[in-house]
Amino acid sequence: MNEWFLYGVLALLPIAAYSGYRLGRKQRKDSKSSGSGLSSNYIKGLNYLLNEQPDKAVDTFIDLLTVDTDTVETHLALGNLFRKRGEVDRAIRLHQNLIARPQLSSDDRNTALYQLGLDYNAVGMYDRAVSLFTELLEDPEHKSESLHQLLNIYQLTKDWDQAAKVAEQLQSSMGEEQSKPLAHFYCELADQKRSEGDIKAALANLKKGLSINPDSVRASILQGDIYLQQKSFKQAIKSYQRILKQDIAFLPEALPKIAEAYNEQHDPKGYKHFLNESLEQNAGVSVLIELSKLIQKEKDDKAAAFLIGHYLQEKPSLKGLHRLIALHIEHAQDSAKPSLQLLDDIVKKLLLRKPRYECQNCGFQTKAIYWQCPSCKEWSSVKPIKGIEGE
């Protein structure tokens, strides 16, 4: 017999026996008959248990349980166990049975409603869960946890407008800091409006996001992308430049677009100045590589290689080494070229295998940027990896 079921049924036995005894007494009084104080349903449950039919035994004992102040906690604990085991239909039935009892106190009813909301959420019945959690916002004891459940549901269903409203409520009424997720919700709304062709609304959402969290790199990148698309190159550059103060580690994400904006303005000197300024603020090897390409065009491979070699002496980097090898291969002696090519291939394979980003909260690693960690669901926690294998 499944151990979990055995323990669950054994936990039910004393309460079920008591309930059965009470029911039996009532039946005895009503019929004025004599006999055992235990009800026939209790005996039936025991038979199921003895015949190794724990499913039927549990269902029978659930039906038998009398709901009063002594058994509410048992109902709730059992429902929680059912849900954790994936037996959500049983959990729903148990909690509905509990809520239907008129003698239930207001506090116990709200607790049962919350648990039923968790049941619905577990099986994806989000409309029902939202209805219950919204009702529970009137209960101070369940307001905070209900808001959090609503926030999770709206994020899962990508209802970003409602997610923003709930996050604002958590911040204003519960005093919980929500500026980071709020800014992302407005970025999500901006993305939606942009895909619909409503650029004005998209920019308005980004402005709102930046007002809530001025350090939102994502909002700056999206804003720059929209201005670039609208051929407002100066405004695009201004938006992208904000990344230097917000979180310079994310600058490589915008580098190709920044290069495009400067190129459209026919301003290579401005772009070079921007790259130098970024390097002075420890922007990372991607910026160095981009600057080396400009030096290569202005001067030659040797000057570009010198720039990278000087940098690598202080800050070793696989990406930088890959670029340095590529610059040297063309000018190497024939006897050295195969070795350099082999080394270049090895470094390239290492780079392809290595993750580029890591969640600062749970350690999740990935090659693609995620604004919300797929593992721990934290917003703004996934950052570019630094050091010899990163930037």
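Placed from the backbone N, Cα and C atoms, the Cβ positions cover glycine too.
According to TrEMBL:
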type: BINDING; residues: CYS359, CYS362, CYS373, CYS376; note: Fe cation binding site
type: DOMAIN; residues: 357-384; note: domain 'LapB rubredoxin metal binding'
type: REPEAT; residues: 110-143; note: repeat 'TPR'
type: REPEAT; residues: 183-216; note: repeat 'TPR'
type: TOPO_DOM; residues: 25-391; note: topological domain 'Cytoplasmic'
Under 8 Å by Cβ from CYS359 (Fe cation binding site), counting only residues of that chain that are 6 or more apart: GLN365, CYS373, SER375, CYS376, GLU378, SER381, VAL382, LYS383
Least Cβ-crowded entry, counting other Cβ within 10 Å, from the binding-site residues listed as CYS373, CYS376: CYS376
Helix, strand and coil totals (DSSP H, G, I; E, B; other) for the domain 'LapB rubredoxin metal binding' (357-384): 0 helix, 10 strand, 18 coil
Tertiary contacts of the repeat 'TPR' (183-216) (same chain, 6+ residues out, Cβ under 8 Å): 158, 160-161, 163-164, 167, 222-223, 226, 230, 246-247, 371-372, 379-380
Residues close to Fe cation site centre defined by CYS359, CYS362, CYS373, CYS376, Cβ within 8 Å: GLN360, ASN361, GLY363, PHE364, PRO374, SER375, LYS377, GLU378, SER381, VAL382
Long-range Cβ neighbours of the repeat 'TPR' (110-143) (under 8 Å; 6 or more residues past either end): 72, 75-76, 79-80, 83, 88, 91-92, 95-96, 98-99, 104, 149-150, 152-153, 156-157, 173-174
Cβ neighbour count within 10 Å of CYS362 (Fe cation binding site): 14
The repeat 'TPR' (183-216) - residue tally per DSSP class, helix then strand then coil: 27 helix, 0 strand, 7 coil
